[in-house]
Amino acid sequence: AAAAGDFDPYRVLGVGRSSSQADIKKAYKRLAREWHPDKNKDPGAEDKFIQISKAYEILSNEEKRANFDRYGDAGESQGYSQHQHRQFHHFHDGFYFDESFFHFPFNSERRDSSDEKYLLHFSHYINEIVPDSFKKPYLIKITSDWCFSCIHIEPVWKEVAQELEALGVGIGVVHAGYERRLAHHLGAHSTPSLLGLINGKITFFHNAVIRENLRQFVENLLPGNLVEKVRSNKNYIHFLSNWKKENKPHVLLFDHMPVVPLLYKLTAFAYRDYLSFGYVYVGLRGTEELSSQYNINVYTPTMMIFKEHIDKPADVVQAREMKKQLIDDFLSQNKFLMVARLTSQRLFQELCPVKKSHRQRKHCVVLLTGEGEKFAEAYETFLAFAVANTKDTLKFVHIYNDRQPEFADALLMDEEKYRGKSAVVILERRNNAGKIAYKTLEEAWQGSNEDNFILLDLLDQLRTDPGLLSSETVLADLNDELAPMFLIRWLYSMLDYISDSWDSLFHSNWREMMPLLSLLFSVLFILFGTVIIQAFSDSSDTRDNPPSEKEETAAKTEKNDASFSKESNRIPKKGFVEVTELTDINYNSNLVRLRPGHMNVVLILSNATKTALLQKFALEVYTFTGSSTLHFSFLSLDKHREWLEYLLEFAQDAAPIPNQYDKHFLERDYTGYVLALNGHKKYFCLFKPHRSGDEGGTLGSCEDYDSSLHTETRGKSSCSPGSRSIKNKLHKLSFWMERLLEGSLQRFYIPSWPALD
């Protein structure tokens, strides 16, 4: 127990040796909340939190706790504890294993200190590492105590970490024992694990841990189009001429390496928003003319930056060994063109920052111009003025009026003298909300010597009199001119998602794949279940509706009316309303076993009134055929009068059907009645036809009906007065249908549906 004095988990958690697991867990939660680095700003909070986590890891595990109570060591290998070590040493004085001889870092006290500066915590990872991964890739190692494989890869990891960090790669180490939340967030469920992070996207390393594989892994994380290879004179002109389209300076690196160095690729990734990069392999045939044109020493790496003029570089740097710091200093001073075009709000904020104090005033001289040869001379003279008057406190930019109309209108006030011409504005941003102070040159910018003298005089006055910017306004955010279209962004997102899914399918462990597999099997189960249910439903409908039904219906129709049978085989036209005869064959499927929520609207007719009523019925209900819950049928009064009278007689409702038991009940004419039958809930709604003397009158002629509406049993229409009187029975049926869908009609309930014999 002598070793217990070095680290006592009971003392760290403030519990006794006889404390229960509940007491230990309660003490751990209380101390973890108090000493968590995200909440406690004490300099020693992080070390204290690690001790608390380690103490809880020991005491929450009964086996480790028993080892500590017995030997003063939480290690699982009891043979190397001090008690048994003394026994083994006594047994053979000259032969025993000492942990320090092999330098095995079994716990945090003996762990290599080189990883300490790379340790990551969850809040640090989320708030700093992930945003920084959009500027440089990260190589992260997941490790833990008692990890023999971690010890095995340690020498390679040290060498590669030092080498890649010097090139600009971020290095991170996550201890899974103390940062379980972060390890789980990264998807690392075993140690050791190596992963790469770039643009917020995590990629796991799956090859052998050797130097070449790790370097190649980091290089593969980078996009493939960062550096364009310049191979000939024509290619070089095309590359440098894109400065106007891309609105970026272009960088050329001349080197004798046949492949692009990793340092250069990492630099291109870090500055990809500001610069375009090209690489010239000086040993390649065809590049001799290019090297001689710029007087390149082929034995020394040379970096050149080209801006508006491609015939000569704006800046050059040469060094036998290109170091990251040298490149960063060189590029950070040449991130923008001499007269950059304002293409986005982010670029505007970088070039024209908000003033922080009177000593840090920065003014922007903006040329508001247009595109094309008409404005070329004004732009060239403005560029020459900017090159001759470059200062730290001045930024020269230009903008296209037609691409940023709100910006131009706010500064020029749509004055007539600037219409179709260029103008120069001196402005200073006052806050991030868009407020600026500015002054516009009195006359349009022509690029003459007089214009140059006027602008130069204003800039000289501005150094001593900041009040010269007398006008103020608020600018709206600039449009992002170079942003890709939505369809392209969506396509790139889909490709990234497919790539991630493919990588996860073949490399991720099953725990990571469970959400995707669960979703996949759920979709397949739903689709398969839908097909099975639909198959059984179709087979049931087939039994209820045999193929001979339509033939039998057509035969009965032919007997009733020969004119209908002549057109029964025609293909239905647009506006076709399917009205099926309700018979004993389809009675169960169309009414008794009708699905919940569905209703069958049945027209009562006779053989004599069939043609006229069906035409009028189709016209009235056509606008309601879009509802999938409504079905339309007709019932022959000559065949099933007894069923209808039985239904009306036994309707159970507090308000009986009026005139139901008068003396002429058996002789009543039911043609034109319409029943809306709900087979599931056993009720119906009743439409009674209008008489000829009712309000609304009769229709004038048969031409008032839409000839494009037909029923399943169509026939020749009649224009006789009797036909018009029959059709008038269904007058205002459409209003009744609207009330039916609203649910405001009176319902007549029945105990059961009578048989249709």
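Along the chain as shown, the residues are counted starting at 1.
Using N, Cα and C of the backbone, Cβ positions are placed for all residues, glycine too.
Those TrEMBL annotations? Automatic predictions, nothing curated.
TrEMBL lists 540-561 with the feature compositional bias 'Basic and acidic residues'.
Among the features that TrEMBL reports, domain 'J' is placed at 8-72.
What TrEMBL lists as domain 'Thioredoxin' is 97-223.
The feature region 'Disordered' is assigned by TrEMBL to 539-567.
Residues or ranges marked as transmembrane segment in TrEMBL: 516-536.
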Handout entry: Helix, strand and coil totals (DSSP H, G, I; E, B; other) for the domain 'J' (8-72)
Key = 45 helix, 0 strand, 20 coil
Practice task
May I have the DSSP-based helix, strand and coil counts for the residues of the domain 'Thioredoxin' (97-223)?
Solution key: 62 helix, 23 strand, 42 coil
Fill in the blank from the handout: Mean per-residue pLDDT in the domain 'Thioredoxin' (97-223) works out to 85
